[in-house]
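Some notes on the structure that comes next.
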Amino acid sequence: MATQRASGLLQRLAQGSLVKQILVGLVLGILLAWISKPAAEAVGLLGTLFVGALKAVAPVLVLMLVMASIANHQHGQKTNIRPILFLYLLGTFSAALAAVVFSFAFPSTLHLSSSAQDIVPPSGIVEVLRGLLMSMVSNPIDALLNANYIGILVWAVGLGFALRHGNETTKNLVNDMSNAVTFMVKLVIRFAPVGIFGLVSSTLATTGFSTLWGYAHLLVVLIGCMLLVALMVNPLLVFWKIRRNPYPLVFACLRESGVYAFFTRSSAANIPVNMALCEKLNLDRDTYSVSIPLGATINMAGAAITITVLTLAAVHTLGVPVDLPTALLLSVVASLCACGASGVAGGSLLLIPLACNMFGIPNDIAMQVVAVGFIIGVLQDSCETALNSSTDVLFTAAACQAEDERLANNALRS
């Protein structure tokens, strides 16, 4: 009987809301650090194990997901989504650029167990580009062992294109391997509440409760930047497309898509909601049936903001100098990283080390930044998903309405 009860409890924990569990871990970590400093320092091992598991799985995750995605790409499907695709990419880059501006206007710092002396900063854009090029030609095994994400991406893309010519059995094997790695990531993420409990406890015990204010500032910068993109940048892009007041459409998408996505924290889970909203807006079915799932995959403005803000927070903490060309390059890299963050639990956080590589930040420190992301993830991930998913339907609606108006004007002229 006791075994059945224990099994039932474990099942409820495994199937329970990860957001609520992380919130509980966060609160318990704060309480333990407040009650007993020695005990809080002792449970820091849980956080260390969690970060170690993330470090172990992240390089393999990037390799398998990108390789499987390219190898299993379907050819021959004709769609009229070029304007939407352009808006997706432009919106993601604009979000990354806004995050760079926000991060320099309101610089955030983190509590990391390293100093600037541990870092050899790049002297400028030329050295950054040279480092990127050298990383691209790294041995694949060496890239995996040293978490060289640029090299991993190059090999994943190359192998993915090569495997397009392979037989279906090989493609299925690659896809199954990708699913297996994704399962391992989900398994690691399920331990996030325990890891966050250990990280928060040990961090507060060693640095004091003032750390929370540092995270509060980081959250304000992150969420403030997302609000800026949702309420200013995206409306500007929509106005450029439809040439009229964009806010009725913007607020409709935030209300009927963003709110759902905020609580589900999954762009994929929000696809049916976006489809229903597109139907309600009388959009072209052939267009939105393709653009909405595509948007859930590559339209990642929120992820671009998260990657940029947290990377620059690490840069500011370590005192690494950043010139304007390097900051612009970070916007491009963050946009590309964001497009690869879909379908992965905590995907945007796990791609932060790739952006950190640009500034010579070691993987150990980059994973501490990822851990900070998980600590604030209760709000960060919800806001990020709400921005991502609502933007999918917003840009789809803007492109469809612009095309309808163009056809109507052409009909009137003829």
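The backbone N, Cα and C atoms fix where each Cβ goes, glycine too.
According to Swiss-Prot, the protein has these features:
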- 16-36: transmembrane segment (TRANSMEM)
- 46-66: transmembrane segment (TRANSMEM)
- 84-104: transmembrane segment (TRANSMEM)
- 143-163: transmembrane segment (TRANSMEM)
- 180-200: transmembrane segment (TRANSMEM)
- 219-239: transmembrane segment (TRANSMEM)
- 300-320: transmembrane segment (TRANSMEM)
- 332-352: transmembrane segment (TRANSMEM)
Going along the chain, which residues at least six beyond the ends of the transmembrane segment (46-66) come within the CB cut-off of under 8 Å? 143-144, 147, 149, 152-153, 155-157, 160, 174, 177-178, 181-182, 184-185, 188, 191-192, 194-203, 340, 343-344, 350-351, 353-354, 363-364, 367-368, 370-371
Are there residues at least 6 beyond the ends of the transmembrane segment (143-163) whose Cβ is under 8 Å from a Cβ of it, and what are they? 55, 58-60, 62-71, 132, 135-137, 170-171, 174, 340, 351, 353-354, 357, 363, 366
I'd like to know if the transmembrane segment (180-200) touches the transmembrane segment (300-320) in this structure, counting it as a touch only when three or more C-beta pairs sit under 8 Å and are separated by 6 or more positions. no
Stretch contact, the transmembrane segment (84-104) with the transmembrane segment (16-36), Cβ-Cβ under 8 Å, 3+ pairs: no
Can you tell me which parts of the same chain pack against the transmembrane segment (219-239), counting only residues 6+ beyond its ends and a CB-CB cutoff under 8 A? 87, 90-91, 94-95, 98-99, 102-103, 106, 108, 245-247, 249-250, 254, 258, 301-302, 305-306, 309, 376, 379-380, 383-384, 387, 390-391, 394-395, 398
